[in-house]
Each structure stands twice: as C-alpha cells, then as structure tokens.
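The compositional bias 'Polar residues' annotation in TrEMBL covers 24-36. Residues annotated as compositional bias 'Basic and acidic residues' in TrEMBL: 66-92, 107-134, 141-158, 168-184, 199-212. Taken from TrEMBL, the feature compositional bias 'Basic residues' covers 93-106. Per TrEMBL, the feature region 'Disordered' maps to 1-184, 199-266.
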Amino acid sequence: MDEPGDALSAYEAKRRRRVEENQRMLQSLNLPTMSRPSARPQPVKASVKLEPTRRSSRQEKRRLRAEKEERESRLKDEQEMNKIIEKEERERKEKKKLLREFKRKRQQDLKEKKLLEKKQKMSEQEFKREEHEKARKKLLKERERNEIRLLEEKEQKRQLQQLRRQQQLREPEELPPEKVAERNADIQRLIQEELDKQARLAKEQKRREQERQTAIAQLEAPRLEQGSYSQISVTGEGGTQTTGETPSEEKTEVPSGGDFAFEFML
C-alpha cells in the first residue's frame, strides 16, 4: 500500500499537469491582450458601447468552456483524492482488525498451552507419587528381611551355646588342672568372640538403621513439599501405616545385641 505522502505527490503532479494543459489551451485561443498605457496623456474619448463581434463571442465561449473543464478536472481530482484517502482508511481499519484477531488467537493458544502443561505436570506428580510408594514398600520389605535374618542368626547362636553347655555337662566332674585351664581358656576365647561378634552386629544394625532413616527422609522430602498426602513415619519398632493401608503381617521386635548368658565350669 502506498503512503499518504506518495498519494498527495501523485495528486499534486496530476493537478499541475491539468493546469498546464488549461493554460496552453487558453494561449491557443489568441485572446486579445491589453496594450500598455503610453507615457503621454491620451485624449479622453467618449464612451462607446461596443457590440460583441462573432469572433470575440467564440473566444469567450472557449474561455468559459476551458474554465468549466478546469473546474471539473479539479473536482474530479479532489474526488479521486478522497477515494484514495478512504481506501487507505479502510486498509488501516482492516489491519487493526487483523492485528486484534491475531492477538486474540495468540492469547487463546497461550491459554491452551498452559492448560496442557498443567495436565502434564499433574501426570508427572502422580507418577512421582507412585514411584515413591514403590520405593517405600521396597524399603519396608528389605527391613523385614534384615530383621528375619537377625532373628535366624540369634537362634543359631542360642542353639550353639546350648550344645556347648550340654557337652560341658557330659564331661567328667574332675579334670586335671591343665584340662581345666585349657577349657577355661577356650571358653574365654569363645565368649570374647561372641562379644566381638555381637558388637559388630550391633554396629552393623546401627549403620543400617541410619541408612534407612536417611533413605526415608529423602523419599519423604518431595511429598512434604507437595503437601498432597500425609507423612509416613517409620520407627525402630516397625513401619507406621499410612491412611487406608493394612499391614501384611506383624513385625517382630529384634532384641539388642549382647543379651546372651554363658555358663562354664571352673
């Protein structure tokens, strides 16, 4: 689309061209020109009423026709200029309308995009909750297996101690001092080994409990930030149930290490 300045320039050029054409037409009519007044005073002539001749009448008609054509040409130019201005105004309005439509469409697209991102985010949160629940159940199962293993180890130790006591009771009541000293040394060694083993087990159990508490804290952190469901707390006696969760079986308390008694004869 041309600029308004270009349209005005075209209109001005066309108007000047029409004026020049009209001037050339007037010059071609050979209208009489007035003579210059002389420096010498002219005698006053009596006023005479001149009748228009046929030639002067034709020239007057041509002049009037030329002036009429010039007026019509000027009016036509003004009408064309008004049409150009109206066209430009319509085009500006159309551009504004298209711009408003574009902005409205863009806002609608942004709104739909935000809604889609919100739905995707909700799906991701649901997926994270499911993964968190799986990890929690896996951790509880691992803890249960560790407790069962510790109970089995404790039962094996108890049976071993009972077997040793029975062997000691079956031996003769009177033994040489060398045998008694050797047996006492063996018993002391066994006791020390059991104590050392119990200390290692207690240390290992403490380390595992710390690792378990750390893992539970890491799993609980995202859920505390989301605030979507209640906190899960797992204590040393067993996992605390979440809302609507039924425990599969009762957990057995594991006694602390070092609760073993030894009997030996001197």
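Note: Cβ is positioned from N, Cα and C throughout, glycine not excepted.
Small disclaimer: the values here were computed from a predicted structure and weren't measured.
The stretch in 66-92, 93-106, 107-134, 199-212 that contributes the largest number of Cβ pairs under 8 Å to the compositional bias 'Basic and acidic residues' (141-158) is 199-212. Within its own chain, the compositional bias 'Basic residues' (93-106) has no Cβ neighbours under 8 Å among residues six or more beyond its boundaries. Secondary structure of the compositional bias 'Basic residues' (93-106), assigned with DSSP and counted as helix (H, G, I), strand (E, B) and coil, comes to 14 helix, 0 strand, 0 coil.
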